[in-house]
């Protein structure tokens, strides 16, 4: 009697998929597909396609909104969607998570402030040119002017000197003049004007045109001896050293374009500058290098 009236648990409610899985849909939204007890039918295709379709529609809606806003503001539409979460950088966009190491452009090692030379090169000579704007009779100038000499067999220009500023001028028959020996830019211009005035007083219609400084020469002393042999080996592409021909090392700096004469005693001569700042910059560039080849005897 008990066997006839007893009913197995969940009998009649069993699912054809398996006796352990109830036929009634009791899945919670918090439970993932399949319980691990029995394989579940593939039900993710439609749900995933629906989710993908919804995401695609949202992206299209936001993209169209951005395009309309950018067209109204005159900006280029952006291709980056804020809802896309990824750690990899997208092509053409800024990564969401920047690298902790910021790339830097390789530059020359800067000289520390503690290694500043504290030495200011002194200007020794300035060469300037000026155009007097007229043809000149050099014989007349040499005969009538003071402190002037003219020997056409040796040099085709009148050599004239004045005491203040203590300079020398080369005056050519074409009206061009070269002034040398000044210690500053102001002295060079003043001396050139004095030479032009002398030529005017001799009866020539001299003007003062196109004054220009062509070269500056400076010098200084680093106060320690230098190993020139090691310097020329390390900086072969910039320097040359032939002690049998010239006792100084010739260093041709690229920027600024200055030529330096470096002597073993520590004396340095800088030439080729057009402005004073180039001499100062060149010396500050070469000083740490010279310090690295200091003699320790």
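Any Cβ shown, glycine's included, is placed from N, Cα and C.
Database features (Swiss-Prot):
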REGION    52-115  region 'Disordered'
COMPBIAS  56-76  compositional bias 'Low complexity'
COMPBIAS  77-87  compositional bias 'Polar residues'
COMPBIAS  104-114  compositional bias 'Low complexity'
REPEAT    123-199  repeat '1'
REPEAT    213-290  repeat '2'
>> For the repeat '2' (213-290), report the average pLDDT of the model, please.
In response: 94
> For the repeat '2' (213-290), what are the DSSP-based totals of helix, strand and coil residues?
Replying inline: 22 helix, 29 strand, 27 coil
> Reported in the order helix, strand, coil, what are the DSSP residue counts of the repeat '1' (123-199)?
Replying inline: 22 helix, 28 strand, 27 coil
